[in-house]
Amino acid sequence: MLQIHLLDINDNAPVVSGSYNIFVQEEEGNVSVTIQAHDNDEPGTNNSRLLFSLLPGPYNHNFSLDPDTGLLRNLGPLDREAIDPALGGRIVLTVLVSDCGEPVLSTKVNVTITVEDINDNLPIFNQSSYNFTVKEEDPGTCSLGQEIGVVKAWDADQMEVNNRISFSLSGSGANYFMIRGLVLGAGWAEGYLRLPPDVSLDYETQPVFNLTVSAENPDPQGSETIVDVHVNVKDVNDNPPTLDAASLRGIRVAENGSQHGQVAVVVASDVDTSAQLEIQLVNILCTKAGVDVGSLCWGWFSVVANGSVYINQSEAIDYEACDLVTLVVRACDLATDPGFQAYSNNGSLLITIEDINDNAPYFLPVDKTFGMPGLAGPPDIINSCSQARDDDSGNNGLILFSILRVDFISKDGATIPFQGIFWISNSSEAGVFTGSIQPVTSLDSTLQGTYQVTVQARDTPSVGLSLEANTTLNLFTVDQSYRSRLQFSIPKAEVGANRQAINEALTRATRTTVYIVDIQDIDSAARARAHSYLDAYFVFPNGSALTLDELSVMIRNDQDSLMQLLQLGLVVLGSQESQESDLSNQLISVIIGLGVTLLLVLVIMTTAFMCVRKSYNRKLRAMKAAKEARKTAAGVMPSVPAIPGTNMYNNERANPMLNLSNKDLGLEYLSSSNDLDYVSINSLDDNSVDVEKNSEKIKEYRPPHTPPEPDPEPLSVVLSRQQAGASGQLEGPSYTNAGLDTTDL
């Protein structure tokens, strides 16, 4: 038997059975597939022995293939995102199946592995953090609000369902902002950070906002990625400056050149970072004791742009003119953005002017008269007070009075110095200091004239030397009996208001210096026609004064002054008490008058009897003388002296008359002599008439300073007549008390 052994040659290529499409989830899915192939060459030979291998490819490194068995496995978790997105997650592996024959034959087969996408990737922001800047007070004009910045994120998942990103905000101040997301595709998304239209930021309140933006997947597990977003608010110069209250606290500056240079600094601040501040002087207020004194102090101080306050005119600062300077200032921000307030509120810097003792006391003109009784009664001392002021304050303006010198000027002009006769008391009210002069001892009432008292006013400063001023007061000494009281139908206040007019009318009527010493209301219980009274002295330059009666006559004689005084309310000269006392005095005077009248009648009757007897004796002597005369020869002149008052010469002191009957006894009621004889006989009786006439002439003489005697017509009648004649009828009380001695007008 012929056995023919055929030798196998490698003429058959391996054959792969089936196709290979594998689906696997990324991360979790595993690939495990065996490539099925066979070779038709003789089994058990090299020609049919198969070997498996992977042809090179981009993703081969992720797999392993058993060369003998053809088992394909993945070496690790598969990542869909590691595959080119264009491949759609498909990995195509080419497996080469070859035999071991000569020559080697092989076959290729593709294994497609589809890696299914799962949401295994978180979004990733394109920056690790974001910094945005936005201007304050600028909400923008867009209806969506002002855009601040954009955040951007990417999700590596390749399926849209897994890479969709949504954004959210959190953090302090997140409620001021909003973020809107926009999908860009291929896993990219943007988040637009905006300010709402009705919101604006304030740099001064919060200059930086630290926000957190979250990028979230729609994964039910809520996985998210966060990023820090810093929003810096850009400062806008939108705030007005403010003045520091502490720098506006009041300061004190001494007057009259005591201080120089800088005395204060006004401080301002502005919360804006770009502020350029300067201090401006708006106004200056000058006041003295709370009263505006105008622009008096405007040049005393100045304020420069940096807020420094300087003294401009140190020597011009005067406490007496202005004691408080108010500088009204404000701050201005030169860099303020348009549309915003550039000025602060006005502030006031109070500068109190401190007083120094730079003013001497000065005496005030005294428009009224001060009266003071002597220690032992009359005389009164008139014009016995001085008043002074000092424009300085505190102890610098405190005045003490002292008496430097006292001289007495008598009526004849002689000057007599006195020491220790007066002392002066000090008092003050409302800044006016009064020095009241009072006698140490009772004054000599026999001295008539003027005391010239030199008074010194001296201030008492706490520091430095005191300043002083002197004045001379003329003190009149007038007996209190010359004090006259004038009563008025108007109250005290109205009399005081009319004081000057009353003084002028009285001065014009009396030609004296009128010293008004007191004005008071009359007690309502004692009030009759008058409501008030005025006490005054009416003094001549030589020191003499008018009595009340003399005053009444002089007022009545000056009709113009009288009418003016009546219009000013004068109703009575004298006091109510004096009128009541006059009634009792009148009654006493009547009783005394009756007694005196009876005494005078007795004296007259006695005198008449003695005169008749004397006349009878004289006539008897005349008859005897006539008889002797007839015995004398006519024309013969005896050697004896002539009898005075006769034309006869004898030794019997006769007084013969012609044609006298020798037998006539010369009695008036029996005498037969003619009228001529009667006149001659009683010629010596006429001497008494001459004496009376001479006495009347003497009574009519009065010194130049003595007022005239009262007119017999009562002043009340004259006043009534004046009142009746003024405009037909003048309203006023009727005056019934007549006679100047009662002093009732």
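Cβ atoms are placed via backbone N, Cα and C, with glycine included.
Nobody curates TrEMBL annotations by hand; they come from automatic prediction.
Residues or ranges marked as domain 'Cadherin' in TrEMBL: 16-125, 126-243, 245-363, 388-493. Feature annotation from TrEMBL assigns transmembrane segment to 587-612. Per TrEMBL, region 'Disordered' is recorded for 690-745. Marked as compositional bias 'Polar residues' by TrEMBL: 734-745.
Secondary structure of the domain 'Cadherin' (388-493) per DSSP, as helix, strand and coil residue counts: 9 helix, 61 strand, 36 coil. When the domain 'Cadherin' (16-125) is classified with DSSP, helix, strand and coil residues number 9 helix, 47 strand, 54 coil.
DSSP labels the residues of the domain 'Cadherin' (245-363) in these numbers: 4 helix, 53 strand, 62 coil.
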